[in-house]
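Trainee: Quick paste of what Swiss-Prot says about this protein:
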- GLU171: active site, proton donor (ACT_SITE)
- 61-321: domain 'GH18' (DOMAIN)
- SER73: O-linked glycosylation site (CARBOHYD)
- SER89: O-linked glycosylation site (CARBOHYD)
- SER143: O-linked glycosylation site (CARBOHYD)
- 1-45: signal peptide (SIGNAL)
Amino acid sequence: MKTANFSFALCLSVVIMLFIKCTRSEQDLSVTKDAIAQKSGVTVSAVNLSNLIAYKNSDHQISAGYYRTWRDSATASGNLPSMRWLPDSLDMVMVFPDYTPPENAYWNTLKTNYVPYLHKRGTKVIITLGDLNSATTTGGQDSIGYSSWAKGIYDKWVGEYNLDGIDIDIESSPSGATLTKFVAATKALSKYFGPKSGTGKTFVYDTNQNPTNFFIQTAPRYNYVFLQAYGRSTTNLTTVSGLYAPYISMKQFLPGFSFYEENGYPGNYWNDVRYPQNGTGRAYDYARWQPATGKKGGVFSYAIERDAPLTSSNDNTLRAPNFRVTKDLIKIMNP
């Protein structure tokens, strides 16, 4: 890793500029800058942290992002991003854990480095569980079994990792016995996560579906509904948010877009962000959009670590993120 021979005074100024509250200007968050930040031991001032936390606790449209663990620098050599590079003004980061086995070094880095760092900035760290099949195919298929399964999730991700909540990804409309099991599993989870738990831990329902029978039966148990609106129009957002309106407040509703994933074209390609980055595209439309029945909860992104200066809409090069789009959207939603 290359480092520059800066004086201590210059190093100090770079670090302070990098970590002050809600940075919204464009920055090239290079590997060198991260090395300087970690080696210096300099932290954000108590005043700046206080202001940042106050912003996070205020009534505002939140920004959330799914972070792909297999592209983190702690996961494998050759990767560039670090969760410490995420914008300070990001409200919530979703740990998306594919291709990262339990023995990978990422998990210890998450627990001992990333989570404390992000918590100091008021950023919530949420684990993505995927669907609920693990509850319905393993262990006891009864209330005792579901309760044990849910407690195990809480003990691991809250007790061991000190995370702030969970995300379930439901991309189907379960029926019959599967519906019954999914509802029971969700009720078990809601004793530890969500507005009915009393724990303060967040429960996110992430979906690409209109309200299903499963959702209708479990709606009061979630803090947020994240709609995977990749490739859609704002007209569609208005329609779908109207379908959810009888069951949740619009402040709980967040539409989401996707950054371009490397090697995604043409099969996994949404064109939600225009490249080279120029401040336009579907993601910006989502930030400006509002439901017909109230203000939205915010916007989320998938593959947030791909918020980088790509040269084209199908640039497959792994590049260091600059988070320009994320910071632009935060500013649009909360001017």
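Cβ coordinates come from backbone N, Cα and C, glycine included.
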Trainee: Which site among SER73, SER89, SER143 has the most other CB atoms no more than 10 Å from its CB, taking these as glycosylation sites?
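Mentor: Selected residue: SER89.
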Trainee: Provide the three-state secondary structure of the residue listed as 'active site, proton donor' computed with DSSP.
Mentor: coil
Trainee: Sorted by position, what residues of the same chain at least six away from GLU171 (active site, proton donor) have a C-beta under 8 A from it?
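Mentor: Looking at Cβ-Cβ distances below 8 Å from GLU171 (active site, proton donor), excluding near sequence neighbours, one finds ASP131, THR207, ASN208, GLN209, GLN228.
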Trainee: Would you mind reading off the Cα separation of SER89 (O-linked glycosylation site) from SER143 (O-linked glycosylation site), to the nearest angstrom?
Mentor: 40
Trainee: What Cα-Cα separation, expressed in whole Å, is found between SER73 (O-linked glycosylation site) and SER143 (O-linked glycosylation site)?
Mentor: 41
Trainee: Determine the mean pLDDT over the domain 'GH18' (61-321), rounding to the nearest whole number.
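Mentor: Averaged over the domain 'GH18' (61-321), per-residue pLDDT gives 97.
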Trainee: For SER143 (O-linked glycosylation site), name the DSSP secondary structure in the helix/strand/coil scheme.
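Mentor: Once the DSSP labels are grouped into three classes, SER143 (O-linked glycosylation site) ends up as helix.
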